[in-house]
Amino acid sequence: PDGGYGWIVVLCQFFISTCTWGTITSFGVFLSFYRVNDYFEGATDIQYAFVAGLALSLPLLVSPLSNYLSNRFGLKVPMFIGVVLQVLALVFAGLSTKIWQLFLTQALMSGMAIGLVWLPTIPVLAQWFNKRRALALGIATSGSGGGSLFFSLVTRATIQSFGLRWAFIINAFVSLAVLVPSVLLMKSRTQTHGAVFRLKDLYWFAHKGYSWILLWAFTILLGSTIAIVTVPTYATAGLGLTQAQGASLQAIMAASQIVGRPLTGSFMDYVGRINGTAIITLVGGLSCLVIWMFARNFGLLVFFCIVQGMTGGIFWAACGPVCAEVVGLGEMASAMAILWIVGVVPCLFSEAIGIALVDYSETVLHHTGADVYLICIGFSGGAFVASALLLLGAKWHLQGNWRIWQK
């Protein structure tokens, strides 16, 4: 139908993304505070990296449970379970005093909650849109940018005024107030069927077209996660900027996502979904290699955050439309089940890889200041560029030729 109540569904999914993925993508503010203040005594950078990695990967890993519950009991049962779990995760994270407690709360509990709340909404949006599907998904997924913007600013201000514990508790009750009406208003046109994994679905790894999509997903998630999480720490630890400036950069990147994702959705609908995704992915990589690599002041970092915010999260806006383009709507559930499983590994390890590269640069290469991050930035940008090129394989499969601009 391309509209109608579908726009209410888009709005609901926007706010669901705000209070799920938005809380994770603002983790850079927490990470910067943890490291600078040695908040959890004895905790290492790698441990913090895995807190972020688990929070990012678990929503995809719990997809079988989320989809079983939604198929068995209906759309809203797993979503309300996830809402309760998300609120408790944030409250308990505020009460944590040891790093292992942070793993249980801000990583495990929150990651599972996001999978239960967010994943059941994915097949719903496709029921309401056809020609405007990429635009609708772009608007819906821009909620993560809105959440990152809101939670970055509020978290930093609350930490400064009331302390870390109250920052978590306030975030918890904001999430409760936003998620409950959003879940209540979600509505599907038909019975939803989630991406339930079956052993026979492994054939997608050998599919001549979809295997390129899986490689794109794996590679771009390696690069984009590092870019999102590392910028505030780069600003404070690498350039010596203030915590407030680091939080502001996270907020600027988030605000750019709000604007960028609907624009990228419209762009994909206009030039072709694979064409548009490849171009935007490439721009995201160039922003790392050409802008971030040489950013030595706050102003240039702001410019990078604007460009990266508009392009770096393209995976979440494009994965559904690109998947549908290659396999068709009838095979979406099966293909997306494999896509979520593939996404677990880069989400879990990408930030740990980034931290390891920073440590290597500092301890082995004896770099200092911003130069410590050069290898990490190069890895992130290179992953973007490589993933853009991998999409050409899927394009060749669909077209039977290498005509770049053929829609």
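Every residue gets a Cβ built from N, Cα and C, even glycine.
The following features are taken from TrEMBL:
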- 6-395: domain 'Major facilitator superfamily (MFS) profile' (DOMAIN)
- 7-34: transmembrane segment (TRANSMEM)
- 46-65: transmembrane segment (TRANSMEM)
- 77-96: transmembrane segment (TRANSMEM)
- 102-122: transmembrane segment (TRANSMEM)
- 134-154: transmembrane segment (TRANSMEM)
- 166-188: transmembrane segment (TRANSMEM)
- 209-235: transmembrane segment (TRANSMEM)
- 276-295: transmembrane segment (TRANSMEM)
- 301-324: transmembrane segment (TRANSMEM)
- 336-360: transmembrane segment (TRANSMEM)
- 372-394: transmembrane segment (TRANSMEM)
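The transmembrane segment (209-235) makes contact with the transmembrane segment (336-360), as judged by at least three Cβ pairs under 8 Å among residues 6 or more apart in sequence. Between the transmembrane segment (7-34) and the listed ranges 46-65, 102-122, 276-295, 301-324, the one holding the most Cβ pairs under 8 Å is 102-122.
Two recorded stretches are said to be in contact when at least 3 C-beta pairs lie under 8 angstroms, sequence spacing 6 or more; the transmembrane segment (166-188) and the transmembrane segment (276-295) fall short of this definition. For the transmembrane segment (336-360), the list of distant contacts is 45-46, 48-50, 52-54, 56-57, 60-61, 63-64, 67, 119, 122, 195-198, 201-202, 204-205, 213-214, 217-219, 221-223, 225-226, 229-230, 319-320, 323, 372-373, 375-376, 379-380: same-chain residues at least six beyond its ends, Cβ to Cβ under 8 Å. Outside the transmembrane segment (301-324) by six or more residues, the chain places 21, 122, 125-126, 133-134, 137-138, 141-142, 144-145, 210, 213, 216-217, 220-221, 224, 227-228, 231, 234-235, 239, 249-250, 252-257, 259-261, 263-265, 268, 273-274, 276-277, 280-281, 283-284, 287-288, 291-292, 295, 332, 335-336, 339, 384, 391, 394 with a CB less than 8 A from a CB of the stretch. The transmembrane segment (46-65) is in contact with the transmembrane segment (102-122), judged by 3+ CB-CB distances under 8 Å for residue pairs 6 or more apart in sequence. Confidence for the domain 'Major facilitator superfamily (MFS) profile' (6-395), expressed as mean pLDDT, is 83.
Remote same-chain residues near the transmembrane segment (134-154) are listed as 6, 10, 13-23, 25-26, 28-29, 125, 128, 167, 170-171, 174, 247, 250-251, 253-266, 268-269, 273, 276, 309, 313, 316-318, 320-321 (criterion: CB distance under 8 Å, separation of at least six residues from the stretch ends). Proximity of the transmembrane segment (276-295) to the transmembrane segment (77-96) is not established, fewer than 3 Cβ-Cβ distances being under 8 Å for residue pairs spaced 6 or more apart.
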